[in-house]
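Student: There's a structure below that I have some questions on.
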Amino acid sequence: MIIGCRECSHMVLHVLNVQVTHLLGVLGFGGFCYLLGARPQDVPYVYCLFYVIFVPLRWIYYRYKKWHYYLLDFCYYANTFLVVMILFYPKDEKLFMVCFSFAEGPLAWALIVWRCSLVFSSFDKLVSVLIHLLPGIVLFTIRWWNPQTFAAMHPEGRAARVTWPYVEDKSYLWTWLFFVPLAAYTLWQLMYFLIVNVLRRQRLLRDPEVMTSYRELSKKAQKANNIWWRLSGLLGDRNRQVMYILLQALFTVATMALTVPIFLSYRMHIVFQILKVCASTWNGGSFILEVMPRQVVQKQQKKKLNMKPIKQVNSTQHVESDDTSGNHHEHTTEEQNQ
């Protein structure tokens with residue numbers, strides 16, 4: 001009876017938590033959309049506020065869960081680049097283009113390819129989506145909607161500029177949207193490999209519960225036996241991690257190359273923003289309708305399995321107490337007869 005009451009109270013608290021977080025998420029999303037239209041020049045600073053609050057909180061949570069190596073992933077590297085640009089080098093056009101390539105290249109397409117889900121009731125999933133989605137929206141507002149950007153297109157005493165950042169020619173565009181960002185990505189990949197696969201190798205081997213991106217993705221791919229698992233095995237099981245790095249590099253090259261036409265076209269850029277939001281929202285709906293009910297059923301089945309040993313122990317104790325009382329009654333009867 002007590003266990004049943006606990007389950008009911010736990011369920012009520014869970015439902016209340018989902019409702020409150022969903023309400024706050026929808027209100028926050030609506031407020032951000034209002035800010036996007038009313039004061040687009042403030043969006044970069046709201047993003048910086050999000051970064052300095054939620055990334056440290058995520059580190060604390062991930063440290064507790066043994067997931068802290070996720071914070072070495074490229075998405076955090078790219079977000080840090082963007083925060084530095086906004087706060088310290090807001091008028092550096094070349095750094096802007098490098099950040100643009102990061103945000104609308106690997107980060108944006110990871111949102112789609114890895115099926116990130118916009119679920120307001122899941123703090124972890126919500127932050128994951130925002131880390132991949134917000135940088136592109138911030139750079140979109142700076143490039144196309146920021147009044148300061150418009151002013152930079154028409155500086156006083158000079159001829160009007162067509163765009164900001166100023167694009168001298170196609171070679172300049174490819175240099176700062178593709179080759180320089182690719183070099184920065186290569187530097188990150190070398191640092192990541194050095195830290196995770198060399199310096200912290202023994203630590204990871206000792207504790208299989210410590211998760212990295214490669215461990216998680218390979219685990220999921222093996223379970224699903226999907227195309228990523230088959231591709232990563234082209235060089236054999238022993239070289240799966242090397243193949244994973246090569247596949248990630250090809251993904252980065254392809255997505256960074258696509259940032260060039262997106263950078264030049266306002267229409268293409270706004271369609272791309274809509275695509276990202278729709279993809280994450282669609283995945284969120286699929287998660288709520290398909291995955292969450294399955295998780296609830298699995299939890300209930302697990303509870304039932306855990307309850308069986310308790311019931312068996314209680315029934316055994318009850319039988320033993322009956323036997324003891326029976327023996328006591330027999331001894332009392334014998335004494336009376338004597």
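Cβ coordinates come from backbone N, Cα and C, glycine included.
Annotations for this protein, taken from TrEMBL, read as follows:
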TRANSMEM  12-37  transmembrane segment
TRANSMEM  43-62  transmembrane segment
TRANSMEM  69-89  transmembrane segment
TRANSMEM  95-114  transmembrane segment
TRANSMEM  126-145  transmembrane segment
TRANSMEM  173-196  transmembrane segment
TRANSMEM  242-264  transmembrane segment
REGION    302-338  region 'Disordered'
COMPBIAS  319-338  compositional bias 'Basic and acidic residues'
Student: Is it true that the transmembrane segment (69-89) and the transmembrane segment (12-37) have 3 or more CB pairs under 8 Å, sequence gap of 6 or more?
Tutor: no
Student: Sequence-remote contacts (6 or more beyond its ends) of the transmembrane segment (173-196), Cβ cut-off under 8 Å?
Tutor: 69, 72-74, 77, 81, 94, 97-98, 100-102, 105-106, 167, 204, 212, 245, 248-249, 252-253, 256-257, 259-260, 263-264
Student: Which residues of the chain, 6 or more past the ends of the transmembrane segment (126-145), have a CB below 8 A from one of its CBs?
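Tutor: That would be 25, 36, 40-41, 43-44, 47, 50, 54-55, 58, 75-76, 78-79, 82, 86, 96, 99-100, 102-104, 107-108, 110-111, 116-120, 164, 263, 266, 269-270, 272-273, 276-277, 280, 284.
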Student: Near the transmembrane segment (95-114), which same-chain residues lie under 8 Å Cβ to Cβ, leaving out any that are not at least 6 residues past its ends?
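Tutor: Result: 74-75, 78, 81-82, 85, 89, 129, 131-133, 135-136, 138-139, 142-143, 165, 173, 176-178, 180-181, 184-185, 251-252, 255-256, 258-259, 262-263, 269, 272, 275-276, 279-280.
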